[in-house]
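Colleague: When I checked Swiss-Prot for this same protein, it listed these features:
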type	residues	note
ACT_SITE	Glu91	active site, proton acceptor
ACT_SITE	Cys332	active site, S-methylcysteine intermediate
BINDING	Cys111, Cys115, Cys118	[4Fe-4S] cluster binding site
BINDING	Gly158, Glu159, Ser190, Ser213, Leu214, His215, Asn289	S-adenosyl-L-methionine binding site
DISULFID	Cys104-Cys332	disulfide bond
Amino acid sequence: MKNILDFTLEELKEWMKENGESAFRAKQIFDWIYKKEVFNFEEMKNISKALIGKLSENFYIGIPEVIDYLSSSEDGTRKILLGLGDGNIIECVIMRYKYGNSICVSTQIGCRMGCKFCASTLEGMVRNLTAGEILSEVLIGQKLLGERISNIVLMGSGEPLDNYDNVMKFLELVNADYGLNIGQRHITLSTCGLVPKIREMADKEMQVTLAISLHAVSDEKRKTIMPIANKYSISEILDACNYYIEKTGRRITFEYSLVSGVNDTKEDAKSLGRLLKGMLCHVNLIPVNEIKENEFKKSTKKDIETFLNTLKTYGVEATVRREMGSDINAACGQLRRSYIKSKGLKL
């Protein structure tokens, strides 16, 4: 049995022809799934019983079970805990902005990158999500919300470029006009800096916004909080980013989690300003999410403001990320981890 959400329209048309059906049936089925949010073959009214039988024998519509659905009383942020068919659990977050609804999706179950301040990496890597499983987060999120999701950020659990092929196919599926038709410029992909994959993605000349999890201004300091820094230097990452800008014309976002006493001094801000001065980029300053498993503390408001203002003196565009859903632990990995522990399950 295959997850039909993993299929492109052309792939499903080919299956139809191979199984004695008209190719146009593929579009009808996808209309039911993507336009009408019908996730059961039996409910597709203009599909013959014979074809429904064939579909049921060969495919399933991989919509996950909703285990928990939390809504923030502060800002309307929604956090969804989802159960997959194999018993694994993932989570996604919907954030409401003036310009529309944005969903933060997971691309892996767990993560093997080992970043010290991230909850999703604490139990290590379980497995990659397929393109259809990533897509299902958007589908179920949109159905639960009852409104269109217009923006996607690949910033949930997992390193997207460590699941490159599935993520690239997801981007194709979610952008397709027969599907959700979410434009590439409305999608942001966050990576800790897998240099070869950044360059490979640049060669596709996609219009996806690339966000780099930087979090330190020297290789030495970065190695203490991000193991990937032992493989790729900041210089190599910046070279890859400039290549991405050259190929796509898109501005790079640099994510910088501010950790009290670790990377939030005025000297750190000056070093970051010198590093990025003149580059087509934007810095997103993130007050770190505190988790029990480490001792990292959030920077003070005064230190955050000083850091921000110092960056601006170098002509570097920067903003402080608005904290959303703090009353429901909306940071990636937190809800999944607390749920698994509460049930006494193995991480």
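Residue 1 is the first one shown; counting continues down the chain.
Positions of Cβ are set from backbone N, Cα and C atoms, glycine also.
Buried or exposed, and what's around them? Tell me for each listed feature.
Modeller: The DSSP secondary structure for Glu91 (active site, proton acceptor) is strand. Glu91 (active site, proton acceptor) counts 26 other C-beta atoms within 10 Å of its own C-beta, drawing on all protein chains shown.
Within its own chain, Cys115 ([4Fe-4S] cluster binding site) has Thr121, Cys192, Ser213, His215, Ile225, Met226, Pro227, Ile228 as residues 6 or more apart in sequence whose C-beta sits under 8 angstroms from its own. DSSP assigns Cys115 ([4Fe-4S] cluster binding site) to coil, not to a helix or a strand.
Taken residue by residue with DSSP, Glu159 (S-adenosyl-L-methionine binding site) is part of neither helix nor strand, so it is coil.
Its own atom aside, the Cβ of Cys104 (disulfide bond) has 27 Cβ atoms within 10 angstroms in the protein chains shown.
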Colleague: Taking each of the binding-site residues Ser190, Ser213, Asn289 in turn and counting other Cβ atoms within 10 Å of its Cβ, which one has the fewest?
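Modeller: Counting other Cβ atoms within 10 Å of each of the binding-site residues Ser190, Ser213, Asn289, the minimum falls on Asn289.
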Colleague: Using Cβ-Cβ distances, find the residues under 8 Å from Gly158 (S-adenosyl-L-methionine binding site) that belong to the same chain and are at least 6 apart in sequence, listing them in sequence order.
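Modeller: Non-local contacts for Gly158 (S-adenosyl-L-methionine binding site): Ser106, Thr107, Gln108, Ile109, Gly110, Cys111, Ser120, Asn128, Leu129.
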Colleague: Within its own chain, what residues at least 6 apart in sequence put their Cβ under 8 Å from the Cβ of Glu159 (S-adenosyl-L-methionine binding site), listed in sequence order?
Modeller: Thr107, Gln108, Cys111, Arg112, Met113, Thr191, Cys192, Leu194
Colleague: For Asn289 (S-adenosyl-L-methionine binding site), which of the recorded positions Glu91, Cys104, Cys118 has the nearest Cα in space?
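Modeller: Of all the candidates listed, Cys118 is nearest in space.
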Colleague: Using the residues the record lists for S-adenosyl-L-methionine (Gly158, Glu159, Ser190, Ser213, Leu214, His215, Asn289), what whole-number Å value is the largest Cα to Cα distance?
Modeller: 18
Colleague: Which residues in the same chain, at least 6 apart in sequence, have a Cβ under 8 Å from the Cβ of Leu214 (S-adenosyl-L-methionine binding site)?
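Modeller: Once residues fewer than 6 apart are set aside, Leu214 (S-adenosyl-L-methionine binding site) is near Gly193, Arg222, Ile234, Ile237, Phe254, Glu255, Tyr256, Leu272.
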